[in-house]
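Visitor: Quick paste of what TrEMBL says about this protein:
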DOMAIN    132-417  domain 'SAM-dependent MTase RsmB/NOP-type'
BINDING   CYS235, ALA236, ALA237, PRO238, GLY239, GLY240, LYS241, ASP256, ASP296  S-adenosyl-L-methionine binding site
ACT_SITE  CYS349  active site, nucleophile
Amino acid sequence: MSDNATAARRSAIYLLDQILGDGRLMSECLAAGALERLAPEDRARAQRLALQTLRGLERADRLLDNHLNRTPALTVHNALRLGAVELCHGEAAHGVVNSMVEIVGRSRKHGRLKGLVNAVLRKVAAEGPEAWPKMRVPRLPEWLRDPLIMAWGAEAVTGMELAHFEGAPLDFSVKPGATAPGEMLPTGSMRVRDAGQVSALPGYDRGDWWVQDAAAALPVRVLAPKAGEKILDLCAAPGGKSLQLAAAGADVTALDISESRLERVRENLTRTGLMATVIAADALEHQGQYDAILLDAPCSATGTIRRHPDLPFAKDGSEFGALIELQTQMLAHAWTLLKPGGRLVYCTCSLLPDEGEVQVEEALQMYPDMQADRVALQVAGVEAGWITEEGGLRLRPDYWPGTGGMDGFYIACLTKST
Ligand SMILES: C[S@@+](CC[C@H](N)C(=O)[O-])C[C@H]1O[C@@H](n2cnc3c(N)ncnc32)[C@H](O)[C@@H]1O
């Protein structure tokens, strides 16, 4: 087993320790430099291994429980979990077992457990690969599963869990007149199943396309930007939707509170050769009058679990109340920035109705000059059953089963009376 593979595994275990032990998101660990010392390909491998382990965690724990009298220290448990997942995905047993024994054996605190790691993983290697596909699809934790069942029903949630387990393909939005690799989806986005390194794909350097989930591309399709319109993207970073607006020829203001995240917007604009005015500011303090506004509000991000399986483990729902309050305030302030006759698209990448349907229902009651525009939702590929009672669009990861699903999203187009 190469030193590089062991280094990637050690870093994957470190990520799992942070996520499962300290409740940190993978993105926070990466931003804090968790993988900085690895070569780029080992970094990608460590990340992939940690994500794969989180997706299969429930199954790995069931297999391991058969051979553990008590739960070992978290980092040893995570080494076993990673080993079990790799073995059940067909990785050669000697490489996985030796690597995990070496990693645990070198730990001053847990070195004495290397014999246990060796014995348990050998048993998993013997029985795991056959048992794995027969085990149930891993479930969401109850704090999230229960409200989702309440909102969408048990069958839908089982479908979502399957989509989470399968992970997400890579979708692209394409600049007008350019091309991107992959198959075209009903909504016009392009999809690649096993993309590998994104920056090596044709057209990346020319800025012909950018990575954006098919569901995440729909808010701007619903907004239907026109050339020359003055449009505010109120929570813009990392910028996928600002790029769509700019590609339509709109006069775009891309605002976000996070200077570091806005750096990504600037990089994306440079690579694609598109233009927008970039502003670092609090959306609640921004002033101006716009023809159209996109409010992609900060939210629980529960619609993105296919790509971020760390989220259900790192969070417990306790922060969501404050986010819901912030969304209400942002929608109220954004409404004051919209010209009469203008349109505002409100969206969140959340599966929770409190961050979507309920926000819009309450806003429609609160503002007499606000109407939900159902016709705007009828863009290519949108199915009639996705339109909600109050006139929004509900997208779920269990939609498009078999073709890779889509992120969970809520989208509404709100027009202001003249
Ligand atoms: C869902 S993300 C936006 C994704 C983006 N629209 C895109 O398509 O790439 C939400 C964004 O809201 C920003 N944000 C959070 N609070 C904010 C505030 N008070 N004012 C402006 N932006 C805020 C976050 O920094 C984050 O970038």
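Cβ from N, Cα, C; glycine included.
How buried are the listed features, and what sits near them?
Guide: In the three-state DSSP assignment, the secondary structure recorded for CYS235 (S-adenosyl-L-methionine binding site) is coil.
Within 10 Å of the C-beta of CYS349 (active site, nucleophile) we count 24 further C-beta atoms, all protein chains included.
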Visitor: Using a Cβ-Cβ cut-off under 8 angstroms and a sequence gap of six or more, which residues of the chain neighbour ALA237 (S-adenosyl-L-methionine binding site)?
Guide: ALA254, ASP256, SER258, ARG261, LEU262, ARG264, VAL265
Visitor: As a test of the contact definition, list every same-chain residue at least 6 positions from CYS235 (S-adenosyl-L-methionine binding site) whose Cβ is closer than 8 Å to its Cβ.
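Guide: Residues satisfying the criterion: LEU255, ASP256, ILE257, ALA283, LEU295, ASP296, ALA297, PRO298, MET330.
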Visitor: Of all the Cα pairs drawn from CYS235, ALA236, ALA237, PRO238, GLY239, GLY240, LYS241, ASP256, ASP296, the residues the record ties to S-adenosyl-L-methionine, which distance is largest, in Å?
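Guide: Roughly 13 Å, rounded to the nearest whole number.
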Visitor: Between CYS349 (active site, nucleophile) and GLY239 (S-adenosyl-L-methionine binding site), what is the CA-CA distance rounded to a whole number of Å?
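Guide: So the alpha carbons of CYS349 (active site, nucleophile) and GLY239 (S-adenosyl-L-methionine binding site) sit roughly 14 Å from each other.
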Visitor: For the S-adenosyl-L-methionine site given as CYS235, ALA236, ALA237, PRO238, GLY239, GLY240, LYS241, ASP256, ASP296, which other residues of the same chain have their Cβ within 8 Å of the site's Cβ centre?
Guide: ASP233, SER242, ALA254, ARG261, VAL265
Visitor: Give the three-state DSSP assignment (helix, strand or coil) for ASP296 (S-adenosyl-L-methionine binding site).
Guide: strand
Visitor: Using DSSP, would you call LYS241 (S-adenosyl-L-methionine binding site) helix, strand or coil?
Guide: helix
